[in-house]
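Here is what TrEMBL says about this protein:
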type	residues	note
TRANSMEM	6-28	transmembrane segment
TRANSMEM	40-63	transmembrane segment
TRANSMEM	75-94	transmembrane segment
TRANSMEM	106-127	transmembrane segment
TRANSMEM	147-164	transmembrane segment
TRANSMEM	184-205	transmembrane segment
TRANSMEM	211-236	transmembrane segment
Amino acid sequence: MALTSLEILTGSLSLVTVIISTIIGLRIVSKYFTYKRRELLLVGFTWILLCEIWWSSAFSFLAAIITGKGFNPELYFTLGNIFVPVALIFWLTAYTDFLNKKNQKLIIIIAAIVGLIYYILFFYFIFNDVTVIGIMFNSVDAEYSPFAFGYLISVLVVFFATGVNFARISMKSENQEIKLKGKFLLLAVILFTIGGALDGLKPYLFGAPQILNVVLIINRIILILSGIAFYSGFLLPRWIKELIIKTE
């Protein structure tokens, strides 16, 4: 089956996004072995797994190129959702390590219970009625139902709220480097939230193919920039630090 121009654009941009986000996440994780800081493991894997929702599009695109057929809905939605609750737990663990250690266990338990409920319902619908999770409208893209979309948006909201609070506290520091990291983290959280929400809402907001193509490109650029900012929020490159702090 030949891919349409929209499928090629969507799939290739998803693949680029996944590759870059994985490189950024692994780069952060690798620094754990230098600095022995647990949060580097947590936030590195958080970033990789938060971007999991684009794995299904990227790998279905590769499957369509290699075999002539993309993923079925069951595999597509499983690949794009299976680690999202884990990503949230990783992120909340890192967040509470810094800012709310006293309530860490309670927060993680609540997130785990909600995640477990989501898993139970998710796999029930995967095996019984996958349309409750979403509907694929081509080989590399899908429209999520209120059930799945609602959970993904809730994860995005938690990431946004905690990320903004984390960044806000960092920006109050007297240390210029920590303050600068806070600014990059704030930028990353805002861009990722915009990119994630825009990606989920695009089927409802942008119907015309010409507009959708432009939105897809802008959306993926936003996501890639959010990854670079996220990296800088935890591992500020020396050249950026010297350039910006000296300028200020």
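Glycine residues also receive a Cβ, built from the backbone N, Cα and C atoms like all the rest.
TrEMBL: automatically predicted annotations, no manual curation.
Taking Cβ pairs closer than 8 Å, the transmembrane segment (40-63) reaches residues 3, 7-8, 10-12, 14-15, 17-18, 21-22, 24-32, 69-71, 75-77, 79-84, 86-87, 90-91, 93-94, 97, 139-142, 152, 159, 192, 196, 199, 223, 227, 230, 234-235 in its own chain, all 6 or more past its ends. Using a cut-off of 8 Å between Cβ atoms, the transmembrane segment (211-236) and the transmembrane segment (6-28) share at least three residue pairs, counting only pairs 6 or more apart in sequence.
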